[in-house]
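Heads up: the structure comes next, in structure tokens.
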């Protein structure tokens, strides 16, 4: 599977075209809208979420609630575009209109793509950069991820994300009986945290940051259960599944680090306390006593739950702006303020789910793929039976 997105933050709409989704996948707009609504929730979101109520329109590739195997086009309208029609319109402006335009951006914000992008593409108005580099684009990435999650769910593979740290407040390791219970607890938490006490402290940390005109980041974790053994490859560097997952997580706006399983903790332990011992039983076949590897070894799945974490830096748009330089005058200035969140870590956990689901669905279809969901399901069942008796 592959997809491409298009659209600007304050343009008329966001669009994604998805290719390679097998025929026969049950899919309706509500499957996607549910994920879009989850992305818009979370303590610390800004006023933009009060303006936009994201709803998807399925333009092609689905008929009567089932995918056709042809490209799927999804569109999400930007309701705020009504206030930006002149500024973000596609038609040329007159010289007078250009002079009157009040939203020209010449002061790059530290931590954003503004200055680097303006230099790269030669834009004197950095709105041309910030409109596309905005995290608003993750709306349609979540839409694409919703399709991927649907593919995985039909194959018995479940994906769930949650927040384990915000602003230095760390959640205690919390046990849960099933991934469905994990989902239930996190959906009830304003910060999508399993640890209620830590969640309340996270809320206070967000409030403190907001009152100071500042922002805070954190860490999200994505857990996936039900992946067959051996998905991915050890043969070439670019086919290793852990590498693809790491790249996907790092592609999320403001993410600055990724770890799989115990990750960087492995540097502090001897090998005997890192590697997962292999066991076999008649019911499940091969499994592991522990899951320090996070479900991935040698670029392939082990059959254990996949565990991926991502670090999100504080959002760089601040109401207490940092110093910058005006690219027209070269004079120092405090950076311009765009409407923003004080903390987007809870929402980022939903985006992380989406990108992880996409990579896993793509890998599953590549390995077991045909053009029909029923045949892919049969292939996985045969593979699992083979692996148990290997």
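In case you wondered, yes, glycine gets a Cβ from its N, Cα and C as well.
Region 'Disordered' is the annotation Swiss-Prot gives to one range among 95-117, 118-140, 141-163, 164-186, and that range is 95-117. Ranking the binding-site residues 39, 45, 132, 313 by how many Cβ atoms sit within 10 Å of each one's Cβ puts 39 at the top. Of the listed binding-site residues 254, 315, the Cβ environment within 10 Å is emptiest of other Cβ atoms at 254. Assigned with DSSP, the residues of the region 'Disordered' (95-117) fall into helix, strand and coil as follows: 10 helix, 0 strand, 13 coil.
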